[in-house]
Amino acid sequence: MTLQLRIYVPPHPLIKHWLAVARDAATPSVLFRTAMTELGRWLTYEAAREWLPTLETTVNSPLASCPATLIDPEMPIAVVPILRAGLGLLEGAQTLLPLASIYHLGLVRNEETLQPSCYLNKLPEKFDPQTRVLITDPMLATGGSIMAAMAELTHRGVDPVLTRIVCVVAAPPALQQLSAAYPGLIIYTATIDETVNDQGYIVPGLGDAGDRIFGT
Ligand code: URA
């Protein structure tokens, strides 16, 4: 079976609503943060389908024993927010994945070369190869940061097939690079926009996600 990058844009009214709020230039930081939290929550909810490891067991209800499905507490789950902007999606993701380990990865892009450099790396030396990894990064634009993040993760034993990316706006340059390098990967995004301008911003996009989350 040949693997192909899969990109899901869930047709959910809550996702569409919070995307519209986030896109609006008049939205203040406090509401923009709410939009990011909600998008993190609903996109993670979608990503968790057929990704969260479960185990079959039985539970005793007050009346009888019955078959039941639980999230497998032994299977490692990791969330990797790409700083800064990925922090905006983290709270929503964490409410659904309370047992996940959080590994921060700080990448900043040079505004002239658009190349990322890493200023914080809390990843472990090696991941258990069964680890389910969810990366949060709201803007997949030129692809520089997400490709650097994937290289760090796979170098440490992460399986791209067990990896999900939750983002808000994805653009073709990033998607093309991910598709060529990591065909087993699955992406959940609120939208796919058409272009990235000369400064590396997605158009129409939503502007600088980090600046809008933190108001700085
Ligand atoms: N990062 C952002 O915050 N916005 C973009 O449009 C592209 C990258």
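Any Cβ shown, glycine's included, is placed from N, Cα and C.
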Which residue of R109, R156, R164 does TrEMBL report at the same 5-phospho-alpha-D-ribose 1-diphosphate site as R84, D137, P138, M139, L140, A141, T142, G143, G144, S145, D208?
R109
The answer for which binding-site residues (R84, D208, A209) have a CB under 6 A from ligand 1 is D208, A209
Which residue, out of the binding-site residues M139, A141, D208, A209, shows the minimum number of other Cβ atoms inside 10 Å of its Cβ in this structure?
D208
Are there residues of the same chain, six or more positions away from G207 (uracil binding site), whose CB falls under 8 angstroms from its CB, and which are they?
A25, Y201
Show which residues of the chain containing D137 (5-phospho-alpha-D-ribose 1-diphosphate binding site), separated from it by at least 6 in sequence, have their CB under 8 Å from its CB.
P81, I82, A85, G86, L89, S145, I146, A149, I165, V166, C167
